[in-house]
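Notes follow the structure.
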């Protein structure tokens with residue numbers, strides 16, 4: 001029993017499959033609606049009479065709120081459950097986009113961005129929910145498909161938003177349409193077959209048979225239920241009647257209510273955040289930060305650099321960006337096969353994808369022709385898509401699915417820090433050369449590669465430091 005690897009049995013696989021497919025749809029519609037609005041925000045705030053400085057401050061409101069709220073909302077989803085937290089985020093985001101559709105002044109525009117900045121974490125909660133529903137081996141494949149579906153929505157959204165903008169009151173129409181999309185997503189989440197999913201895990205580990213079984217599943221059996229998307233762990237032996245394929249035993253759920261005292265929710269959220277903050281995961285978060293900034297520097301002045309270096313028109317540059325974005329979306333379907341090719345060795349895959357990304361940024365910065373830019377953009381979209389999935393999977397492996405919402409939220413907060421720093425670094429680097437931002441990105445990516453080369457030998461097969469594992 002102790003040498004048996006983790007296995008996951010689903011009492012009703014059809015219910016789980018339907019939830020996963022519906023979450024793909026939610027991810028697609030989410031970014032489809034958001035991408036209808038993003039290209040229009042700066043034009044609208046300037047049309048309201050804002051100066052460039054005020055427009056910049058207003059534009060940064062969303063990023064700052066996301067920076068501080070990502071980890072908190074993710075941890076809150078661990079406490080109250082995925083269903084309640086996802087519904088809350090979708091409904092409040094719909095409220096924000098609805099207010100945006102009525103923003104006739106800068107003050108109302110800022111007010112509309114507050115609920116979106118605080119609660120637009122639906123994609124993070126969807127990823128946490130998917131990690132609850134699938135086994136570790138399935139997770140990269142499912143996450144890749146989810147990222148692909150979301151990316152397709154992000155590609156198609158601007159097309160529809162641009163078309164609506166050509167008509168009178170187009171921005172307001174796009175905003176209300178986005179609000180309706182989020183309401184439709186909330187309705188879809190509400191109708192998901194939550195009650196049909198029951199997960200039985202035999203959580204044993206061949207490397208830590210004594211410690212892991214005592215901390216994990218007693219007698220090699222435990223029940224992990226997903227109701228409202230929460231993973232309520234009930235560490236009690238599961239009766240044979242419940243685990244037999246033909247069993248008709250009704251699943252017993254542990255309800256997690258939004259109506260529990262606020263102080264208890266805050267205490268639980270704080271405890272989970274403290275656990276992640278005090279864990280030995282600084283290396284993964286630092287790699288995420290370095291690569292986030294490097295990738296943003298690659299894109300930061302892409303249009304301007306193409307014009308200055310190769311005299312490309314904005315139209316041709318737009319086609320090149322669309323081509324790269326499409327490949328990035330399709331690359332999500334490659335994550336599963338590539339992971340299997342690596343034997344689920346996510347640390348090695350992360351190292352190789354990071355090294356490839358570094359090389360491709362260098363080729364772009366030193367490209368003597370548009371053809372070389374096209375080649376680097378082709379593989380860059382693939383390597384970054386795989387790298388994002390790898391780093392998320394390693395964070396979940398090390399931190400455990402019991403805090404998946406907190407971990408994914410913390411990762412998004414780290415990425416938000418990169419969004420704040422990248423424009424500043426890009427502006428400074430462009431003072432020297434149009435190739436300055438990607439050149440700085442190469443240095444940051446090299447630092448990430450060096451960090452991985454130093455840290456990976458200290459990790460075990462699950463991305464945890466061997467010292468910590470032995471201490472347990």
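In case you wondered, yes, glycine gets a Cβ from its N, Cα and C as well.
The domain 'Major facilitator superfamily (MFS) profile' annotation in TrEMBL covers 19-462.
The region 'Disordered' annotation in TrEMBL covers 229-250.
Counting same-chain residues at least six beyond the ends of the transmembrane segment (21-41), those with a Cβ under 8 angstroms from any Cβ of the stretch are 59, 97, 100, 120, 122-123, 126, 129-130, 145-147, 149-158, 160-162, 164-165, 170-171, 174-175, 177-178, 181-182, 184-185, 188-189, 192. The transmembrane segment feature in TrEMBL is assigned to 21-41 (among others).
Summarising the annotation, TrEMBL assigns transmembrane segment to 53-72 (among others). Within the same chain, residues 41-42, 45-46, 106, 109-110, 113-114, 116-121, 124, 269, 273, 276, 406, 409-410, 412-413, 416-417, 419-420 sit at least 6 positions outside the transmembrane segment (53-72) and bring their C-beta atoms closer than 8 Å to a C-beta of that stretch.
According to TrEMBL, the transmembrane segment annotation covers 84-100 (among others).
According to TrEMBL, the transmembrane segment annotation covers 170-192 (among others).
Beyond its flanks by at least six residues, the transmembrane segment (281-300) meets 350, 354, 357-358, 361, 364, 380, 384, 387, 391, 394-395, 398-399, 410-411, 414-415, 417-419, 421-423, 425-426, 429, 437-438, 440-442, 444-445, 447-448, 451-452, 455, 463 of its own chain at Cβ-Cβ distances under 8 Å. TrEMBL lists 281-300 (among others) with the feature transmembrane segment.
When Cβ-Cβ distances below 8 Å are used as the criterion, the transmembrane segment (320-339) is approached by residues 140-141, 143-149, 151-152, 154-155, 302-303, 306, 312, 346, 349, 373-374, 377-378, 380-382, 384-386, 389 of the same chain, each at least six residues removed from its ends. Look at TrEMBL and you will find 320-339 (among others) tagged as transmembrane segment.
According to TrEMBL, the transmembrane segment annotation covers 346-367 (among others).
Under the heading transmembrane segment, TrEMBL lists 440-457 (among others). Residues 283, 286-287, 290-291, 293-295, 297-298, 347-348, 350-351, 354-355, 357-358, 361-362, 365, 425-426, 429 of the same chain sit 6 or more residues outside the transmembrane segment (440-457) yet have a Cβ under 8 Å from a Cβ within it.
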Below 8 angstroms Cβ to Cβ, which residues of this chain, lying six or more residues outside the transmembrane segment (346-367), approach it?
140, 287, 291, 294-295, 298, 309, 338-339, 373, 375-377, 379-380, 383-384, 386-387, 390-391, 393-394, 397, 435, 438-439, 441-442, 445-446, 448-449, 452-453, 456, 459, 463
I need to check the long-range neighbours of the transmembrane segment (84-100): which residues 6 or more away from its ends have a CB within less than 8 Å of a CB in the stretch?
33, 37, 73, 76-77, 108-109, 111-116, 118-122, 125-126, 129, 175-176, 178-180, 182-183, 185-186, 189-190, 228-229, 256-258, 405
